[in-house]
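Quick look at what TrEMBL lists:
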TRANSMEM  20-42  transmembrane segment
BINDING   G32, C33, G34, K35, S36, T37, R138  ATP binding site
BINDING   S36  Mg(2+) binding site
BINDING   D54, R78, G100, R157  substrate binding site
Amino acid sequence: MKEMKILEKKNNKKAQIKPLFSHSIYLIGFMGCGKSTVASYLSDLLVLDMVELDELLAEKEGLSIADIFSQYGEEYFRDQESKLIMDLEGVTQRIVSCGGGAVLREANVKSMKQNGRVVLLTASPQTIYERVKNTAERPLLNDNMSVEHISELIERRREKYERAADLVVTTDDKSIPEICQEIMDKMTELEG
């Protein structure tokens, strides 16, 4: 029944939401938190264009993210990611799914905050492990796919994630419509 209520709200809010959010929404968080899936749903829900930074970068480079990391290294990847974020300056009303490490550079965070609202999606290390354990497209986990390693990486980034975020939404044990509804409710409250 709760799911139906969310879907009904979706249809009711679709027409009124676009004027409410005149800026972009940047989704940040650790890999496997649901950024891409939530971005796609929000894009449909709010009738806004979606930008998937990792996909855009892979397309631009003609390589998978894992291949970019292995051939050029993480620093190169971060440089290219930063260029894409800067290219979005002045572009409004987009849902932007950022790579898990986009907040590691202060210039990226500054650009995101100037152009929109930053939503941090979180999940427990166990949840993330369950979501990513069967994929080889996670270069930072390829050598150590474990809950402990995921937990360590999250801890190293936690402060940067939290400092960048305008609002935080936990994705554990929630459906995509529930997560999106929570984002919309918190965004509406933030816009106040």
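Keep in mind that glycine also has a Cβ here, set from the backbone N, Cα and C atoms.
Note that TrEMBL annotation is computational and uncurated.
A map of TrEMBL features onto the structure.
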residue: G32; record: ATP binding site; DSSP class: coil
residue: T37; record: ATP binding site; DSSP class: helix
residue: D54; record: substrate binding site; DSSP class: helix
residue: R78; record: substrate binding site; DSSP class: helix
residue: G100; record: substrate binding site; DSSP class: coil
residue: R157; record: substrate binding site; DSSP class: helix
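The candidate set comprises the binding-site residues K35, R78, R157. Of these, K35 has the most other Cβ atoms within 10 Å. Its Cβ taken as reference, C33 (ATP binding site) is surrounded by 28 other Cβ atoms within 10 Å in the chains shown. Note: the CA-CA distance between G32 (ATP binding site) and D54 (substrate binding site) rounds to 13 Å. A separation of roughly 13 Å, to the nearest angstrom, links the Cα atoms of T37 (ATP binding site) and D54 (substrate binding site). With respect to their backbone Cα atoms, S36 (ATP binding site) and R78 (substrate binding site) stand 18 Å from each other. Of all Cα pairs drawn from D54, R78, G100, R157, which the record names as binding substrate, the longest spans 18 Å. Rounded to a whole value, the Cα-Cα separation of G34 (ATP binding site) and G100 (substrate binding site) is 11 Å. G32 (ATP binding site): 23 other CB atoms within 10 A of its CB, across all protein chains. Each of the binding-site residues S36, D54 was scored by how many other Cβ atoms lie within 10 Å of its Cβ, and the smallest score goes to S36. Counting other Cβ atoms within 10 Å of each Cβ, the binding-site residues T37, G100 show the lowest value at T37. Cα proximity to K35 (ATP binding site) (within 10 Å) is found for none of the binding-site residues D54, R78, R157.
Relative to C33 (ATP binding site), the binding-site residues with Cα atoms inside 10 Å are G100, the candidates having been D54, R78, G100, R157.
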